[in-house]
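K.L.:
Dropping the structure in here first, questions after.
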Amino acid sequence: MVRVMEYLRYLQDPHLVARFQLICGIRGTLSEPVPADISTSDSCRSVDKARSRNNGALHHHTAGETGNEQLTSMGVQRRIADVTDPRKLKHDMEDAPPNGAALSPGGESVAVRGSTLKPLRRNSLTGEAGQEFVIENRFLFYLFTFGTELGNELFYIIFFPFIMWNVDAFVSRRLIMVWVWVMYVGQCTKDVIGWPRPASPPVVKVEMFYNSEYSMPSTHAMSGTAIPFSLFFMTHGRWEYPYTLGFSLALCWCLLVCSSRIYMGMHSVLDVIAGILYSILILFFFLPALDMIDSFNLSSRYAPLVIVSIPLALALFSFTLDTWSTSRGDTAQILGVGAGVALASHVNQLLGLMPDLTADQLPLMVPTVSGGLVCSAILRLVLGVIVLVAIRALMKAITIPLVCWLFRVPSSDLRKARQHVEVELPYRYIVYGTMGFSVLFLVPLLFAYVENA
């Protein structure tokens, strides 16, 4: 058991992340100088505050742990030999350059060759831009940036509707159900465990947007495992394509997303491994129940009530787990999308719209790619996304002032207003629930009208 704990601590060590980044050509830069008009005591406090933010702005101790098992307040997990000497750990952290800057053999910061960049997006909670870093391998930088985007909101806004409108609505709506459940369980688990992001230094923060959220497990790794392999299991046998090809694509997708989170400095190796295993465990129990859940959503007379109320109750529960953060709002909007899609599938069934294919119509053949097919798919996607963006803007403009008025919350500063549970929960749930409903009902109805016009 002791050796297992040692190995887990090793996998959580931020120096392991830093070594992976170094191999991939990511290096930190020198810190920015403190302005001359700031006093010594103020500059010390500024440096301490900056280090705290670079570490994810989350200070946490695990109750009941002592000696080698204690987590430091900076979230740093050194190897077992180093943790036994707290003075050495403190000395290392104080001498380490910010954001993983490179050191010479003499311990001095050195300049390195390559392109100097800053994180593309600011911290979603604090607005912090992050420190500059140097990339020495542009191919890996763009590859892992693409990989991490495969787990972000923008990708899902494009991917799920594209599958829904151009490939297979049956697979898409079930895939959304898997995504909603995996992401909800993952986000709640993060808030319960409360582990911080890998410490910087030694880790270089290539991404800052999610830096203030908790780390364990990696929800990117969870979705990056659940989505491609669920897509493979749902389409194999329903569509005709080689088994090896489908499995290989799912595996490459999964590995790219998971490794990108270590490259970005957002997760330890342990976070990613835990996310993969956690996702597999969820799929093991959820996929066999998918037929029953989908059948209930389509045909039960109580489906609308259950579809709306259960996700809302789950969102309320998630809001009690931690203080305000962007992840809390993300959880509400994910549940809203799932409820909207499920409700749309029930309405489609009642109206006889978009019926599922029968067994004698399967398996489906992959169509020959042609210019007309590609243009039609792109046109559908662009038109549908325009409609969704318009619906989102309209619902947001209506919902936020209305909810603020109902609960007597000042609406002059929308950022502060949305930090109130009574504002953010209905706003996210209603707006994104409407978008989910539109994806499966309103937009396909619009397509049918245009095609028949």
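Yeah, the Cβs are placed from backbone N, Cα and C, and that goes for glycine too.
What TrEMBL shows for this protein is this:
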REGION    36-66  region 'Disordered'
REGION    89-109  region 'Disordered'
TRANSMEM  139-163  transmembrane segment
DOMAIN    173-287  domain 'Phosphatidic acid phosphatase type 2/haloperoxidase'
TRANSMEM  241-263  transmembrane segment
TRANSMEM  269-290  transmembrane segment
TRANSMEM  302-321  transmembrane segment
TRANSMEM  333-352  transmembrane segment
TRANSMEM  364-383  transmembrane segment
TRANSMEM  429-450  transmembrane segment
K.L.:
Would you mind listing the long-range same-chain contacts of the transmembrane segment (269-290), meaning Cβ under 8 Å and 6+ residues beyond its ends?
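P.N.:
Those are 8, 11-12, 16-17, 20, 174, 177-178, 181-182, 185-186, 189, 195, 215-226, 229-230, 233, 254, 258-259, 261-262, in sequence order.
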K.L.:
Are there residues at least 6 beyond the ends of the transmembrane segment (429-450) whose Cβ is under 8 Å from a Cβ of it, and what are they?
P.N.:
160-161, 164-165, 169, 173, 176, 311-312, 315, 332-341, 343-345, 347-348, 353-354, 380, 383-384, 387-388, 391-392, 395-396, 399
K.L.:
What is the average pLDDT across the domain 'Phosphatidic acid phosphatase type 2/haloperoxidase' (173-287)?
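P.N.:
Summarising the domain 'Phosphatidic acid phosphatase type 2/haloperoxidase' (173-287) by its mean pLDDT gives 89.
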K.L.:
So which residues does the transmembrane segment (333-352) touch in its own chain, when a touch means Cβ under 8 Å and the partner is 6 or more beyond its ends?
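P.N.:
Same-chain residues near the transmembrane segment (333-352) but 6 or more away: 173, 176-177, 179-181, 183-184, 187, 294, 297-299, 303-304, 307-308, 311-312, 314-315, 428-441.
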K.L.:
What are the DSSP helix, strand and coil residue counts for the domain 'Phosphatidic acid phosphatase type 2/haloperoxidase' (173-287)?
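P.N.:
Summed over the domain 'Phosphatidic acid phosphatase type 2/haloperoxidase' (173-287), the classes give 78 helix, 3 strand, 34 coil.
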